[in-house]
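Working notes, beginning with the structure itself.
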C-alpha cells in the first residue's frame, strides 16, 4: 500500500542479533510447515519485490541493510510501502539471502494468499496448467515463469508436492509468481468440482494430459479451445487418477536419443504451441 502525500515514514526498528524474530524469518527459508503456519514467505530481488507490490500482495515486513547506502529503488520502496520496516546487520541479511556472495539489499516478508481455485480466471480462451505431484520447487517456479510469459491464466499444483513458496520456486519464477495465480490443491476431486462448475457455466474446459504414447502429437491437437494442460511428476508422470480424468493425451515428438524433456521444458513447449495456434487462428484436428 502506498502512503498518501505528506504521510510520514514510521521509524525503522533495528535488529543486529539472531533474536527470536530473526529466527522466525530464517525458518521460513527451509521449513515448509512454519511457512504455512505463519502464512508468509521471503522474497528478495528488485523485480520479484516490485511485482509483489505492484500486484497488491500484502508485504508484512521489509528488512533492509542498515549499514549501506541504499539504491534509489530501495529508498523509494521504503518510502512508499506502508508496512513494518527493520534495519538489519548485513551478515544477518546474508543468512536470509541464503548466503549468496553479497547480502541482499532488501528482503520482503510477504503474506501468502488463500489456496482458492477461484483466484484463477476462466474465460472462453482459458489456458491453464496443472502440475501433478512435482518434487522440484525449481520446476514449479520455472513453469510459473513460462505460463506467465505465454499468457496462461493460472497454475494448479496438485497432490503431495513441493511447495510453491519454497525459496527455489520463488526465485525460479523471477517474479511471475506474483502475476500468475498458483494454487495448491490436495486432490483431483477438488479440481474436478471446479472444472465441472466452469463447464456448467458455459466454458467447456478440456483436460489434456502429456504422455509419450499420447493420442496425437502436440502439433495435431486443437489448443484453441479452453484447455487445462496436465503435466506429470518429473519421474512417474501423471498419476492413474489424472490419466483417467484426461479427455485427451498428447505427446511431444522427440528427435535424437533423448527419451523425454524436463517437466518445465515440456510444459513450456506445449504452451508455446497453444499460443502459436491461438495467435495464428489455426485449428488442428482433435482426435
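Every residue, even glycine, has its Cβ placed from backbone N, Cα and C.
Annotated S-adenosyl-L-methionine binding site per Swiss-Prot: 210, 211, 232, 252, 253, 254, in sequence order.
Listed in sequence order, the residues of the same chain lying 6 or more apart from residue 254 (S-adenosyl-L-methionine binding site) and placing their CB within less than 8 Å of its CB are 212, 260, 261.
DSSP assigns residue 210 (S-adenosyl-L-methionine binding site) to a strand segment in the three-state reduction. Each of the binding-site residues 232, 253 was ranked by the number of other C-beta atoms within 10 Å, and first place falls to 232. In the three-state DSSP scheme, residue 232 (S-adenosyl-L-methionine binding site) falls into the coil class.
DSSP assigns residue 253 (S-adenosyl-L-methionine binding site) to coil in the three-state reduction, placing it in neither a helix nor a strand. The record assigns 210, 211, 232, 252, 253, 254 to the S-adenosyl-L-methionine binding site, and the maximum Cα to Cα distance across that set is 17 Å.
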